[in-house]
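Just below is one structure, and these are the notes that go with it.
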Ligand code: ADP
Ligand code: MG
């Protein structure tokens with residue numbers, strides 16, 4: 001022991017020695033053994049990142065008494081789990097728990113978790129009014145040494161057992177301090193993602209409910225663990241991403257009742273065998289958004305608890321109150337060490353990591369009174385009932401004993417409570433137990449048993465584990481979004497690519513056509529250049545040739561001259577031939593060109609003559625056409641004349657027949673013989689066939705008629721009784737129609753009431769109208785209207801159609817009708 005101390009903690013030696021030694025008493029060996037094993041475990045766990053979990057658990061008072069769960073500092077606190085009680089000879093190393101010892105320390109924290117013992121604090125209730133009186137003469141049965149974290153349980157006046165706890169809270173300890181040392185480390189651990197349990201154990205009336213469940217609505221300072229825990233949780237989470245839900249239940253006689261819904265009185269426990277999670281899905285879960293709503297929940301639960309217990313005829317001390325807080329937290333930016341190595345290439349991978357959700361559960365249990373029910377009868381319960389009432393609590397004790405003794409079998413399944421708290425003892429939760437004791441020596445036995453319970457619980461080792469799960473849903477959502485983005489991007493890129501291809505194709509085509517055009521241009525230029533050159537050379541050659549020819553002619557002349565004088569011909573001939581012979585090829589070319597030119601000139605000449613020929617024939621044809629046209633015109637004129645002649649002859653005929661009729665009638669009746677004979681003579685008067693003097697002839701005949709008969713007489717005949725006379729008169733009138741003065745009369749009388757007369761007048765009008773020469777007078781005399789009327793209204797079909805024909809065949813009438821609209 002001394003060696004150990006000197007080796008590890010030389011600086012602490014004096015105080016540790018002086019304080020511990022006198023009190024430790026006999027079982028030093030056991031303590032040392034335990035401490036050593038603890039140390040070895042802790043040294044292993046040094047490799048783990050425990051700083052995060054190592055909250056200031058249990059004790060902030062002295063350096064020596066600081067306990068840090070699993071932390072390296074813990075090793076220095078010598079009597080880590082040392083009970084000074086002489087009778088407890090069962091100190092063993094490494095109490096049984098999940099995967100304890102070296103196995104845990106060698107592997108990563110995610111797999112094995114963090115070792116952590118169940119932390120136990122003891123709280124002494126101050127004497128109450130009754131005890132003040134009743135125990136006035138007696139000393140308390142417990143004496144606390146808080147700075148040593150020790151409790152002395154008085155056996156008698158001269159002997160006491162000393163026990164050491166993780167924290168010793170005197171009757172003066174404030175609620176705040178109790179919360180901070182008992183529950184705060186657990187709450188912080190829950191906020192970090194571990195399950196946590198806080199429970200109060202003790203005899204009825206010792207202050208369990210005061211410690212755990214006090215609402216503190218009247219006195220803020222009196223707020224208990226539940227209220228303060230929720231305050232810390234609300235302060236520690238971000239409600240935008242995280243969620244808090246709460247269930248509140250009561251366990252009594254092995255049934256779980258919902259304190260938030262009294263009708264829900266048999267909630268079953270569901271255990272996930274894979275994860276070891278225990279849940280109560282049947283319980284009402286209320287989402288907590290603020291502290292006020294949580295207080296309301298607690299109050300509601302309390303009311304329901306009271307009502308339920310009244311109904312069951314029991315006390316709340318017989319039931320366990322269980323508050324379950326479920327926390328879901330999003331862990332943002334939780335990157336592994338890999339990302340820092342190669343951040344750029346892993347950017348995508350990093351962003352595709354599913355976000356992590358940490359699920360943690362805080363269970364706060366106000367246990368039933370720990371006192372044994374021997375007075376079951378007096379409370380109106382049968383023994384069986386009493387057993388059942390205490391079943392859960394005794395099962396808890398048994399489990400803790402088994403765990404403390406490192407037993408291979410932990411009877412967790414014996415009760416609902418142990419099933420529910422399965423994770424809190426020997427599991428993966430961080431657990432704090434506060435045991436409450438009263439000062440009265442009258443309850444020394446219960447106090448002792450409570451202390452023993454606490455002592456055994458201290459040996460229970462837990463292995464904390466993070467309850468993390470990947471949020472695959474949101475990852476999938478994120479992947480979907482990313483996929484959609486990529487698809488859109490791909491589509492965009494494709495479009496750009498296609499556009500680029502199109503552009504390049506167009507460009508290539510343009511360049512191709514440019515090149516082609518350039519090529520053609522160059523070709524053309526080259527061609528014209530060569531042509532020009534060729535023509536120039538031809539021209540030059542021609543000039544040369546002409547010059548040569550001239551020269552040769554001159555030479556010849558000279559020669560001829562010389563020939564006459566002197567005989568130097570051969571020389572001259574030589575000089576003439578020489579240049580030609582100089583360039584025989586050129587000569588050949590020249591000859592060829594000359595021949596070609598001649599041929600072309602000949603062709604041009606032929607074409608010219610052909611053109612002149614065709615022009616001549618064309619002129620001939622056109623003069624022929626002119627001649628024919630003239631002939632046609634003459635013919636038309638002739639035709640018109642003849643037609644007029646016919647018209648005149650027709651009217652003459654009419655006149656003659658009228659005259660004949662008149663003469664006949666005169667012969668018959670003798671009354672108007674004179675007139676008729678006059679008429680007849682007029683009618684039978686031979687007419688001049690020549691158009692030239694026909695007008696004068698007509699005028700003469702009319703004048704004659706007027707002389708002989710008088711127009712008035714003729715007109716009066718129109719009213720004659722005899723139809724024949726009337727008709728005859730009309731015929732005469734018709735014949736006279738072309739004469740001056742007759743037309744207006746005819747037009748006026750065209751609408752004569754007497755049908756027979758009218759018919760003749762109408763007929764006369766039609767005849768008159770057939771001569772284009774009359775058209776002017778007729779139009780001026782208003783005859784067109786009459787003609788139109790006749791063509792429409794005349795009862796005689798033939799006259800109607802005659803009028804119509806006449807109107808439509810005359811251009812003048814048509815024009816007039818158009819003018820009149
Ligand atoms: P339990 O729940 O263990 O049966 P309670 O919490 O109901 O005990 O406490 C019994 C009585 O003692 C209550 O009146 C309570 O106010 C009082 N009491 C308990 N602990 C303390 C304390 N630390 N200081 C003052 N009064 C206390
Ligand atoms: Mg209570």
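Cβ from N, Cα, C; glycine included.
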I'm validating the feature mapping. Which of 555-589, 590-624, 625-659 is tagged coiled coil in TrEMBL? 625-659
The annotated coiled coil range in TrEMBL, which must be one of 433-486, 487-540, 703-756: 487-540
From 24-68, 69-113, the residue range that TrEMBL assigns the feature region 'Disordered': 69-113
Within the same chain, the residues at least 6 apart in sequence whose Cβ is under 8 angstroms from that of residue 202 (ATP binding site) are 208, 367, 369, 370, 435, 436, 437, 450
For residue 204 (ATP binding site), what is the tally of other C-beta atoms lying within 10 angstroms of its C-beta? 18
Can you tell me the three-state DSSP label for residue 203 (ATP binding site)? coil
Report the residues of the chain - excluding 202, 203, 204, 205, 206, 207, 208, 209 - with C-beta within 8 Å of the mean position of the site's C-beta atoms, for the recorded ATP site, in sequence order. 125, 200, 210, 317, 369, 436, 438
According to DSSP, collapsed to three classes, what secondary structure does residue 208 (ATP binding site) have? helix
I'd like to know which of the binding-site residues listed (203, 205, 206) lie near ligand 1, counting only a CB under 6 Å away. 205, 206
Across the binding-site residues (203, 206, 209), the Cβ with the fewest other Cβ atoms inside 10 Å is that of 209
